[in-house]
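**Student:** Just passing along the structure, written as structure tokens.
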Amino acid sequence: MSQQVIIFDTTLRDGEQALQASLSAKEKLQIALALERMGVDVMEVGFPVSSPGDFESVQTIARTIKNSRVCALARCVEKDIDVAAQALKVADAFRIHTFIATSPMHIATKLRSTLDEVIERAVYMVKRARNYTDDVEFSCEDAGRTPVDDLARVVEAAINAGARTINIPDTVGYTMPFEFAGIISGLYERVPNIDKAIISVHTHDDLGIAVGNSLAAVHAGARQVEGAMNGIGERAGNCALEEVIMAIKVRKDIMNVHTNINHHEIWRTSQTVSQICNMPIPANKAIVGSGAFAHSSGIHQDGVLKNRENYEIMTPESIGLNQIQLNLTSRSGRAAVKHRMEEMGYKDTDYNMDHLYDAFLKLADKKGQVFDYDLEALAFINKQQEEPEHFRLDYFSVQSGSSDIATASVKLACGEEIKAEAANGNGPVDAIYQAINRITGYDVELVKYDLNAKGQGKDALGQVDIVVNHHGRRFHGVGLATDIVESSAKAMMHVLNNIWRAAEVEKELQRKAQNKENNKETV
């Protein structure tokens with residue numbers, strides 16, 4: 001009977017470090033809910049001590065997620081562990097993940113310490129975390145460059161202190177698969193109490209072998225794999241979880257292990273992460289790239305038509321990628337739209353039906369026929385923008401010609417007030433942005449502008465993703481329409497509402513802090 005490999009997702013912690021703009025608490029919760037649907041066993045959702053915003057988002061996710069174990073990261077520092085526990089305590093059960101460097105280089109140059117002192121600190125902090133939960137994970141940072149005898153000493157001590165999961169990270173993506181498997185095997189040979197903990201691995205893709213290292217480690221006895229959807233993460237990224245999951249499924253004949261992942265949710269979860277994080281998936285990306293199941297060679301096409309298994313080791317349907325259907329028009333009722341969403345795997349809580357149907361009718365009037373990918377794009381955008389808006393685009397028009405100079409007129413609802421402005425710009429999009437900025441008074445610098453087609457043909461939806469810099473912080477916005485200028489305007493409105501909401505959250509946190517201080521003074 002095969003053993004289970006636990007899937008530990010760190011998209012919202014390690015993965016987020018690769019993003020140009022931080023995710024809002026609402027965006028993080030959307031990703032967490034998608035990961036829960038996919039069935040990840042553990043999700044690491046943040047580093048609570050790093051900022052009040054991260055604390056709030058970890059707390060929100062811990063309060064909401066019920067079917068996956070929620071985890072937060074903490075250094076081997078008392079305050080880190082205490083704050084992580086404070087954020088997580090709203091969950092029925094939770095994990096604290098604490099770590100310290102173990103390689104000679106890190107101990108000497110970063111920690112300016114000794115191995116004995118590192119072991120003493122690790123033991124103390126694991127015991128401290130155990131005061132809050134019996135689910136404690138300990139990581140040996142830079143384990144890939146730690147002599148295995150030193151590593152064995154640290155691991156044995158951490159297990160004795162109460163760690164139930166021991167993570168062995170290849171922090172800088174340096175180790176070769178056969179080396180990494182040797183490290184795992186070496187620990188099983190050297191650590192007498194290793195049967196009291198689950199051995200986990202966390203690999204990085206600096207040399208392009210993160211997935212290979214994780215699979216080699218599983219073959220050597222590791223029973224938890226850490227990674228991120230689409231492989232996002234610091235530098236070259238993390239181990240791509242969808243690749244590990246499907247490799248274990250497809251090659252169960254030699255791996256002799258399994259996961260409890262609902263693999264039919266892989267494609268949808270991948271798309272959710274890509275869209276929210278504003279990180280397009282390369283066409284040739286394994287498993288979830290748009291070309292992963294495409295066959296252009298005549299020989300291959302002929303072979304696939306005769307028997308798909310000639311050139312396909314898995315099916316698109318196995319990851320939840322179904323054929324595009326073409327069955328909705330402006331005459332389709334709410335029930336038909338809802339039924340199609342259900343067929344694609346969406347639940348009522350995944351979207352607002354009123355908002356979705358209104359957007360569907362407007363799009364159907366323009367396009368005639370609405371495809372599945374149109375519906376999914378509309379559902380995503382409406383979910384992103386369903387919170388109350390302080391700024392709302394009421395009207396815009398643009399005049400431009402062969403000259404570079406364009407003129408835009410814009411009318412916005414700002415709270416209860418309607419304001420209008422006009423401005424010139426270097427092209428229609430710049431002109432609209434200049435007019436919007438005049439109305440709001442926000443000083444924003446556009447640092448990234450991406451346009452992607454959602455669908456096919458001349459009536460395809462255009463999705464605009466932008467990143468702006470505002471007072472040292474970066475904010476992401478997304479807009480969707482059949483018109484590129486309208487998409488661009490909607491993306492800027494999304495950004496401005498995100499900035500406004502962030503300011504409101506900051507005010508609320510300051511108010512709570514002030515109330516706490518006032519209560520202390522009263523006592």
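For all residues, glycine too, the Cβ spot is worked out from N, Cα and C.
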**Student:** Just to be sure I read the record right: His202, His204, Asn238 are listed as binding Mn(2+) in Swiss-Prot. Which of Asp9, Asp14, Asp430 is listed for the same site?
**Tutor:** Asp14
**Student:** Give the three-state DSSP assignment (helix, strand or coil) for Asp14 (Mn(2+) binding site).
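**Tutor:** In three-state terms, Asp14 (Mn(2+) binding site) counts as coil.
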**Student:** Ten-angstrom check, please: count other Cβ atoms within 10 Å of the Cβ of His204 (Mn(2+) binding site), all chains counted.
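**Tutor:** There are 26 of them.
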**Student:** Let's check the environment of His202 (Mn(2+) binding site): how many other CB atoms sit within 10 Å of its CB?
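**Tutor:** Summing over all protein chains shown, His202 (Mn(2+) binding site) has 30 other Cβ atoms within 10 Å.
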**Student:** Since the record lists Asp14, Asn238 as binding-site residues, which of them has the fewest other Cβ atoms within 10 Å of its Cβ?
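**Tutor:** Among the binding-site residues Asp14, Asn238, the lowest count of other Cβ atoms within 10 Å belongs to Asp14.
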